[in-house]
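**Student:** Sharing a structure below in structure tokens format, with a few things to ask.
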């Protein structure tokens, strides 16, 4: 593979803020990691440790412990996408720990970056789908009763994954492993300036602005309908339910905004900051942290969308109790078997 500094133009080097041509040490992979890079690694590690068990538990409960329904299919696919997001974190931590050196080869570079955006798009689209489903349930309940079926929901989920694949095609096409020096290579998207701005703008509009507007609007309609119906039945119960709905709406909207907005803003800052700027290194590190913050949304989704539901909490409590009882019974059985075996051995020796 040719040296990157010789095959890329000055415009492309400036576009990606590549300073490695000047600063990579001939004998190694770059400078020693500083406190900020270590903080980013710790942040990634925490998201991995929290996100994997939480989403794996949701996948297990919605996939194997709950009756098949439209809602369980939404949450199963959302948890599966979030679980895959969190499982990819160690592969992103390795280049971060090696000063952005990519050690996995060109095929893994293209596949990982493409699948990463596919899964992230899928997670966002599923959040929009869940919001639209709640909107339809309160706006057209009769239509939902006639047409809202698990089989149709399964095909909708397939369509969501295909749309996410369509949105991630640029990553599969343009991302490549490039050699910066004899001892360092990076996994980068080799766009032109025009295509980079177009791709980033489209990702911002389709991956953040439209989903955020949809999520907020749908949940606000749900809250308005719930508050309008709070006049029916016991006042305190209805008022408490309305407040609970409002808290969920605020939590869902804020988590989506706070987790995704910084990443999209920093995408634009990375493109607009000259590579010789004194702020370039800090912006790159901030972009790394913003990407991890977007992963935090995968940790929060099980709590916000699933665990707040009473039916799910009952199923998860029942499942955990069954697991605990099974482990306890198995331990007792092993102890009794060991005890009886020891007694028989002693009798034979007497």
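Placed from the backbone N, Cα and C atoms, the Cβ positions cover glycine too.
Found this in Swiss-Prot, in case it helps:
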| type | residues | note |
| --- | --- | --- |
| DISULFID | 109-187 | disulfide bond |
| CARBOHYD | 17 | N-linked glycosylation site |
| TOPO_DOM | 1-37 | topological domain 'Extracellular' |
| TOPO_DOM | 65-69 | topological domain 'Cytoplasmic' |
| TOPO_DOM | 94-110 | topological domain 'Extracellular' |
| TOPO_DOM | 133-154 | topological domain 'Cytoplasmic' |
| TOPO_DOM | 175-197 | topological domain 'Extracellular' |
| TOPO_DOM | 224-247 | topological domain 'Cytoplasmic' |
| TOPO_DOM | 271-287 | topological domain 'Extracellular' |
| TOPO_DOM | 309-350 | topological domain 'Cytoplasmic' |
| TRANSMEM | 38-64 | transmembrane segment |
| TRANSMEM | 70-93 | transmembrane segment |
| TRANSMEM | 111-132 | transmembrane segment |
| TRANSMEM | 155-174 | transmembrane segment |
| TRANSMEM | 198-223 | transmembrane segment |
| TRANSMEM | 248-270 | transmembrane segment |
| TRANSMEM | 288-308 | transmembrane segment |
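Just tell me what is around each of these and how deep it sits.
**Tutor:** Around residue 187 (disulfide bond), the same-chain residues at least 6 positions away in sequence with a Cβ under 8 Å from its Cβ are 95, 102, 109, 112, 113, 175, 176, 177.
Over the topological domain 'Extracellular' (94-110), the average per-residue pLDDT in this prediction is 87.
Proximity of distant same-chain residues to the transmembrane segment (38-64), defined by a Cβ-Cβ separation under 8 Å and at least 6 residues beyond the stretch ends, is recorded for 72-73, 75-76, 79-80, 82-83, 85-87, 89-90, 92-93, 96-97, 285, 288-289, 292, 295-296, 298-299, 301-303, 306, 312, 315-316, 319.
Under 8 Å from some Cβ of the transmembrane segment (70-93) lie the Cβ atoms of residues 41, 44-45, 47-48, 51-52, 55-56, 58-59, 62-63, 104, 108, 112, 115-116, 119-120, 122-123, 126-127, 129-130, 133, 148-150, 153-154, 157, 160-161, 291, 295, 297-299, 301-302, 305-306, 312, all in the same chain and six or more residues away from its ends.
Through the fold, the transmembrane segment (155-174) approaches residues 73-74, 77, 110-111, 113-119, 121-122, 125-126, 129, 189-191, 195, 199, 203, 206-207 of its own chain, all at least 6 residues removed from its boundaries and within a Cβ separation under 8 Å.
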**Student:** Kindly assign residue 109 (disulfide bond) to one of the three DSSP-derived states: helix, strand or coil.
**Tutor:** helix
**Student:** 10 Å Cβ neighbour count around residue 109 (disulfide bond)?
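**Tutor:** 20, counting other Cβ atoms within 10 Å of residue 109 (disulfide bond).
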